[in-house]
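Colleague: Please find one structure pasted underneath; my questions will follow.
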Amino acid sequence: MYRTLFSLVLSRFDPERAHRLAFAAIRALPVIGLGSLLRRFTAPDPSLAVEALGLRFDSPFGIAAGFDKDGEGVIGLGALGFGHVEVGTITARPQPGNDKPRLFRLLPDRAVINRMGFNNHGAGAAANRLLRVRRARRRPVLGVNISKSRAVAVEDATADYLISARALAPVADYLVVNVSSPNTPGLRGLQEREALAPLLSAVKAASGKKPLLVKIAPDLTDEQIVAVARLAVELGLAGIIATNTTIARDGLSSDPAVVEAAGAGGLSGAPLAARSLEVLTLIRANVPPSLCVISVGGVETAQDVQRRLDAGATLVQGYTAFLYRGPLWARQITRGLSALRSR
């Protein structure tokens, strides 16, 4: 039914407006008392629970950063069946993001191009909000994804990250350093070892005992990916998230004119699946089994999630397919996982 509604109605809305409307409904779920009722319908089978990062996840499937930028919908997203919610990306300074339009659907590819630019209310506002979330009786595992403020020079990035880390580590279950978005100038250069090692070391020190992960791009070479993986192990990070969106446009089914009109930005969704799986396999081959690897990119079905788990993922995230498949997507994934495992 949702796919029909999407095809006939929602796909005609501006993508960012459609997101705002859907997110408002999700935020409202606990306010109007539907959260507890929904949980009875969406709760994953207990057999799907995962122990990772010193935490218990109700299922291996969560929603990636980007959907809930400021931590306003954590409880509602948990009620929809996500085992963890990664909020953000959050920056030290509030910022409006890039000019609109900045979000574009590629319907034939079940994909999205975004150049949002980390629009968010800043680390201070998020910390106050997430403190209330942590006090909730029922909530999913809470990850917080942080990155550099756009107004801050790359040379000053570490100090900027530290502001966010110190504010948000106390209210997060785990913290993620995002150095891989293509929508902040100069950010991806921080993935080079010479820049990344001191940055991660500083954030790790500022985060105390909070599990720290780094999120990387799919556009790195295999050699660069191995280098980051080995650095994460060397520095004692808790894990790696692979991958962010891609700047590649290879193999798309959408009209090239539509793709060109969308312009610059990160591509997410089904076209990213193959590369994301490749990166996961490469990372897992170069890190110990104890390191948490979260796979994200092109995940649509329970079969996709199980394939990532079989390839060595500790946890799996999705986002873009949520826009195409609707509010019961997490439930479909967890029910599907249970069915696959009962065969």
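The backbone N, Cα and C atoms fix where each Cβ goes, glycine too.
Copied straight from Swiss-Prot:
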type	residues	note
BINDING	Ala65, Gly66, Phe67, Asp68, Lys69, Thr89, Asn145, Asn178, Lys215, Thr243, Gly269, Gly298, Tyr319, Thr320	FMN binding site
BINDING	Lys69, Asn114, Arg115, Met116, Gly117, Phe118, Asn178, Asn183, Asn244, Thr245	substrate binding site
ACT_SITE	Ser181	active site, nucleophile
Colleague: Between the Cα atoms of Ala65 (FMN binding site) and Asn178 (substrate binding site), what distance do you get, rounded to the nearest Å?
Modeller: 10
Colleague: Which residues does Tyr319 (FMN binding site) neighbour through Cβ under 8 Å, counting only same-chain ones at least six apart?
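Modeller: Result: Ile63, Ala64, Ala65, Gly66, Phe67, Ser268, Val296.
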Colleague: Let me know the most crowded of the binding-site residues, choosing from Gly117, Gly269 and counting other Cβ atoms within 10 Å.
Modeller: Gly269
Colleague: If you measure Asn244 (substrate binding site) to Ser181 (active site, nucleophile) at Cα, how many Å is it?
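Modeller: The Cα atom of Asn244 (substrate binding site) is 7 Å away from the Cα atom of Ser181 (active site, nucleophile).
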Colleague: Please give me the CB contact count at 10 A for Asn145 (FMN binding site), counting all chains in the structure.
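Modeller: Here the count is 26.
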Colleague: Just to verify: the residue among Lys69, Lys215 with the fewest other Cβ atoms within 10 Å, which of the binding-site residues is it?
Modeller: Lys69
Colleague: Around the substrate site recorded as Lys69, Asn114, Arg115, Met116, Gly117, Phe118, Asn178, Asn183, Asn244, Thr245, what other same-chain residues have a C-beta within 8 angstroms of the site's C-beta center?
Modeller: Gly66, Thr89, Gly97, Ser181, Pro182, Thr184, Gly265, Gly266
Colleague: Considering only the recorded positions Asn145, Ser181, Gly269, which residue has the minimal Cα-Cα separation from Arg115 (substrate binding site)?
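Modeller: Result for Arg115 (substrate binding site): the nearest of the recorded positions is Ser181.
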Colleague: Is Asn145 (FMN binding site) helix, strand or coil when read with DSSP?
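Modeller: Its secondary structure by DSSP: strand.
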Colleague: Who sits close to the residue listed as 'active site, nucleophile': which same-chain residues at least 6 apart have their Cβ under 8 Å from its Cβ?
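Modeller: Spatial neighbours, sequence-distant, of the residue listed as 'active site, nucleophile': Thr89, Phe118, Ser147, Leu187, Arg188, Asn244, Thr245, Gly266.
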Colleague: What whole-number value in Å do you get for the largest C-alpha pair distance within Ala65, Gly66, Phe67, Asp68, Lys69, Thr89, Asn145, Asn178, Lys215, Thr243, Gly269, Gly298, Tyr319, Thr320, the residues recorded as binding FMN?
Modeller: 20
Colleague: Filter the binding-site residues Lys69, Asn145, Lys215, Gly269 down to the ones within 10 angstroms of Asn178 (substrate binding site), Cα to Cα, kept in sequence order.
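Modeller: Of Lys69, Asn145, Lys215, Gly269, within range: Asn145, Lys215.
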Colleague: Where Lys69 (FMN binding site) and Gly117 (substrate binding site) are concerned, what is their Cα separation in Å, rounded?
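Modeller: On Cα coordinates alone, these residues lie 11 Å apart.
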Colleague: About how far apart, in whole Å, are the alpha carbons (Cα) of Gly269 (FMN binding site) and Gly117 (substrate binding site)?
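Modeller: A Cα-Cα distance of 18 Å.
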Colleague: What's the number of neighbouring CB atoms sitting within 10 A of the CB on Asn244 (substrate binding site)?
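Modeller: Around Asn244 (substrate binding site), other Cβ atoms within 10 Å: 27.
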